[in-house]
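The next block holds one structure in the form of structure tokens; read it before the comments.
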Amino acid sequence: MLNKPVLAESLIVFVIVLSVHAVVWDRYSWCAVALAVQAFYVQFKWDRLLQLGGAVFQFRTAANSGLLPASMGIPLLGIVMKERCKAAGIVYFERFGVVVASTGMLLALFLSVIAVGVTKPVPTNTCVLTGVAGSIIIYTMKHSLTVSEVIEVLEVLLIFVYLSMILLYLLPRCFTPGEALLVLGGISFVLNQLIKRSLNVVEGRGDPIDFFLLVAVVGVVLLGLFFTVLFVFMDSGTWISSMFFHMMTAVLGLGVIMPWLYRLIQRNPLFWLLQFLFQTQTRVYLLVYWTFLAASACGVVFYQNAKRSSESKKHQASTITRKYFHFIVVATYVPGLIYDRQLLYVAAVLCLAVFIFLEYIRYFRIKPFGQTLRHLLSLFLDERDSGPLILTHIYLLLGMSLPVWLFPRSCAPKGTLSGAGALVPYSGVLAVGVGDTIASVFGSTMGEIKWPGTKKTFEGTMTAIFAQIIAVALILIFDSSVNLNSSYAWILASVSLVSLLEAYTTQIDNLLLPLYLQIMFMA
């Protein structure tokens with residue numbers, strides 16, 4: 001029997017796909033539609049594999065595979081990026097968008113082939129659909145990509161295959177297949193871009209903050225892989241192991257990551273970072289303000305843990321309590337988006353590196369803070385943290401930051417896109433900070449009419465849409481760079497579709513919703 005929430009989620013994704021291609025229809029649109037149709041069918045094969053325990057790796061329980069929404073995320077992002085840069089006349093980034101779209105399609109197709117290949121008996125109809133979709137995609141790539149671009153796409157696929165085998169084995173139950181596609185696909189693409197740019201360094205070409213993001217992401221991932229292998233042979237919870245952890249972190253940071261970044265930006269990374277952070281008085285004020293908010297977030301964690309100690313050891317933080325952090329993140333990002341987006345870009349990269357490093361300390365029980373972090377963060381666990389890693393707070397940071405990092409600055413003549421595209425950097429704030437938070441709070445406190453087959457409520461979704469429209473109005477008032485050019489109907493449709501997706505998806509909404517809202521705004 002077909003799962004009604006999955007059908008509803010798939011219908012919403014199909015509407016988004018068709019809405020985007022109604023605006024930017026070209027040869028890649030046929031590929032995207034074919035990919036969506038075959039992903040819809042293969043998704044049910046993945047769901048059956050997960051239910052029967054027939055998947056090769058252990059995936060996150062209490063969620064469907066999420067193959068369709070994940071399969072369309074990267075290709076749609078590449079397609080809308082291509083169209084925006086084509087309109088701006090920036091050929092380099094237009095071709096970059098083509099590579100992103102082609103890479104996303106090939107990764108999604110690979111994941112589909114894996115599911116079809118391990119399903120017994122072999123699903124004939126699904127195999128035919130996968131073959132047709134693959135043929136259309138490969139034919140289009142053959143006539144659209146240069147030889148160097150084909151090699152680049154295949155390099156990302158190769159990195160994705162090896163990275164998936166390693167991380168899905170080391171981190172059981174941390175991802176669904178769809179989440180693995182988005183997260184590991186993104187890391188694979190970043191790693192390939194870093195290798196490519198490191199081999200073709202041209203002095204003065206490229207923005208240092210882009211290189212900073214690439215090196216930071218690859219650096220923390222490689223650091224985690226190194227210590228995972230190391231602690232197979234030694235107990236990570238001893239003082240000797242902890243001292244070795246801190247010493248090797250310093251060695252790898254100063255001996256590998258810093259020189260790598262120096263080669264890319266052609267200057268001392270530490271001096272560049274300090275000069276960048278304190279370049280203007282506005283940046284100093286923002287840093288002081290963000291420090292206060294970070295201290296407030298830590299205060300919430302300590303207060304809730306003190307409350308647990310006084311009440312019951314089994315006490316867990318409520319949904320409303322967890323949404324405090326969403327409000328704090330909104331208060332963090334909005335001033336940065338209005339006053340200094342470059343500073344916000346770099347600060348978000350630093351926060352991501354710190355969050356992942358602290359998760360390593362918690363996971364490996366590194367002294368003196370490892371056990372303390374385990375105790376403090378266990379209060380905020382939910383059903384999505386079923387694996388050895390706690391990722392929800394990292395996903396929250398990613399959801400808010402991805403629209404800032406992925407914003408095509410070179411294709412925006414005055415630092416902002418026209419129409420609904422002007423709201424692209426605010427996609428995370430609207431989808432996660434406002435929409436998801438309001439839907440959760442109002443839905444859990446006042447919601448009575450539930451969407452069929454889910455725990456989400458009609459009242460929560462409608463309130464979320466209304467709150468996001470109010471937020472857009474406030475952005476228009478306080479951010480003078482935003483000019484919507486009467487694209488209000490498209491904005492309302494985008495917000496409504498993404499809010500409905502939030503009601504039905506079982507994937508990590510902090511990651512999925514901002515991506516789809518950004519795609520809709522860029523279209």
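For all residues, glycine too, the Cβ spot is worked out from N, Cα and C.
Features as listed in TrEMBL:
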- 12-41: transmembrane segment (TRANSMEM)
- 92-116: transmembrane segment (TRANSMEM)
- 153-171: transmembrane segment (TRANSMEM)
- 211-232: transmembrane segment (TRANSMEM)
- 244-262: transmembrane segment (TRANSMEM)
- 282-303: transmembrane segment (TRANSMEM)
- 324-339: transmembrane segment (TRANSMEM)
- 345-365: transmembrane segment (TRANSMEM)
- 386-406: transmembrane segment (TRANSMEM)
- 426-446: transmembrane segment (TRANSMEM)
- 458-478: transmembrane segment (TRANSMEM)
- 490-517: transmembrane segment (TRANSMEM)
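Segment contact is absent for the transmembrane segment (12-41) and the transmembrane segment (345-365), given fewer than three CB pairs below 8 angstroms at sequence separation of 6 or more. Taking residue pairs at least 6 apart in sequence, the transmembrane segment (426-446) and the transmembrane segment (324-339) share three or more C-beta contacts under 8 angstroms.
Of the candidate ranges 244-262, 386-406, 426-446, 458-478, 426-446 has the most C-beta pairs within less than 8 angstroms of the transmembrane segment (490-517). Cβ atoms under 8 Å from those of the transmembrane segment (244-262) belong to residues 198, 211-212, 215, 219, 222-223, 226-227, 230, 236, 268-270, 357, 364, 366 of the same chain, restricted to positions at least 6 beyond its ends. With a cut-off of 8 Å between Cβ atoms, the residues of this chain six or more beyond the transmembrane segment (386-406) that come close are 60-62, 77, 81, 171-175, 213, 325-326, 329, 333, 337, 341, 344-345, 348-349, 351-352, 355-356, 359, 362-363, 377, 380, 424-429, 431-433, 508, 510-511, 513-515, 517-518.
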